[in-house]
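TrEMBL annotations:
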DOMAIN    109-522  domain 'Amino acid transporter transmembrane'
REGION    42-64  region 'Disordered'
TRANSMEM  112-136  transmembrane segment
TRANSMEM  142-162  transmembrane segment
TRANSMEM  192-217  transmembrane segment
TRANSMEM  260-281  transmembrane segment
TRANSMEM  301-318  transmembrane segment
TRANSMEM  349-369  transmembrane segment
TRANSMEM  394-415  transmembrane segment
TRANSMEM  436-457  transmembrane segment
TRANSMEM  463-484  transmembrane segment
TRANSMEM  496-522  transmembrane segment
Amino acid sequence: MSEVIEEIAPAPITPRPAATIEDPPTSMSRAASVARVPPLQIPAPTTAVNGDGGGGGGDQITLKTPKALTPKSRTPRFMTPIGSPVRRALKLTRLDPQDAWLPITESRNGNAYYAAFHTLCSGIGIQALILPVAFITLGWTWGIICMTLAFIWQLYTLYLLVQLHESAETGLRYCRYIQLCNASFGEKLAQFLALFPILYLSGGTCVALIVLGGSTAKMFFQIVCGPTCTVKSLTPAEWYLVFTVVASILSQLPNLNSIAGVSLVGAISAIGYSTLIWVVSLDKGKLPNVSYDPVKADKQYIHFFDVLNALGMIAFAFRGHNLILEIQATMPSSEKHPSRVPMWRGVQISYTLIALCIFPLAIVGYWAYGQKIPAQGGMFAALFGFHARDTSQFILGLASLFVIINALSSFQIYGMPMFDEMESHYTRRFKKPAPWWLRAIVRCMFTYGCYFMAVAIPFLGSVAGLLGGISLPVTLAYPCFMWIKMKKPKKYGISWGVNWVLGVVGMILSVMLIAAGLYVVIDTGIKVSFFKPQ
């Protein structure tokens, strides 16, 4: 069966009656005369009939018209309906000069390996070491089930964010989490729902990293110096300052791509200390008289809040979604090679390694220590509390050094969105990139501002369950709602239903975790020590 091909010329711009066909176009402009060419001057369509008439063979009909009568469009191809959505996204993104001036989008030569380094370094943190604490309340069965479900859930929402980075509807690349929230929910609602959790996940994490890095640096000094050392150690606030100085120096690296090497070192150190801790705990065996019975409070509602607080600890361990769009923004994108392909490949690599680190930490940690696991510090505190004397000082020192290196590396990743936001105020107002000296001042101000908060509020890590509830929607709920808003899946379809259920459950769980975290803080209390770091 042959094909039927037709080329039909557009109708004349100004139709003329048949009576005027023979009138000479003496006073017309050249453009008008072309548009009003009499039909009798157009060559008749050529018709070719092949086959055996109507005996079952197909007919091939070709209608030809002069090409001169078809006006040539001046519209760029990427603006037409047949233009690729990705091509439109690339073209429109380049029209915004601020993308070339800000640290997140200043360099777009990233790849899957860079994405894996950044995601792995930010995905494994000291928060993973408190996972065995959640098992004290949940027990073996529910602890493993909740961890597994949380891991699958956050990996699914991570996939949604990677796919939402490039929008076919608007032709834009959403290079920052808050930009995608603005496009999905509107600017006012996005500021109300997402601004504080995002600021906490960036700025609050940097404060917690200073507390962690400074405290671990003090422990590392004591291990290296030895029990007979007569050198006077620095105070905790001074150790915080040492960590901050090093972090401020590293923060001068210009953009997110330039810290890929730092993220690689941080990822290696994260895998190193998490593996060291659970391997040492497994080698030393269970503590005597270890109990695995879940702790239950006398009153039912108190036990309910304890369970929610444990779920908040698990949610707090799975964070970093506020950085995914920023990491993907560092990649080039084209019609044939969209950025979502290498980004998802990097995410798969990193989260495979993350699962191989956090699940052994939680399972081996609870097996070795049971209900004796320290609530403050988790596995890291247990290593020094129970095995400081029967473990090599080299192993203890190496684990401490890995924690310090990972904290320094993670500080750069979590601080980059804050650097980007502060510099954007300058670029929007003055329509030019920030000079190097202003960039250095801004980053030092942020770094030392975090140091001040770390000294003023050193007990920030004691409210991990509460903070996990506040930041949970960024990870588990908002991506589902943004997918429904941006992609508009078929109503009552599978995708529509799954995302609605996950989004609503995530929001309800967030509210319940915040309430449980507040109750636990009020009921059990925390050791508040303003301006008195320990």
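Each residue, glycine too, has its Cβ placed from N, Cα and C.
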Closest-packing stretch to the transmembrane segment (260-281), where packing means Cβ pairs under 8 Å, from 112-136, 192-217, 301-318, 436-457, 496-522:
112-136
Selection from 142-162, 192-217, 301-318, the stretch that has most Cβ pairs under 8 A to the transmembrane segment (349-369):
142-162
Using a Cβ distance cut-off of under 8 Å, indicate which of 112-136, 301-318, 436-457, 496-522 has the most pairs with the transmembrane segment (142-162).
301-318
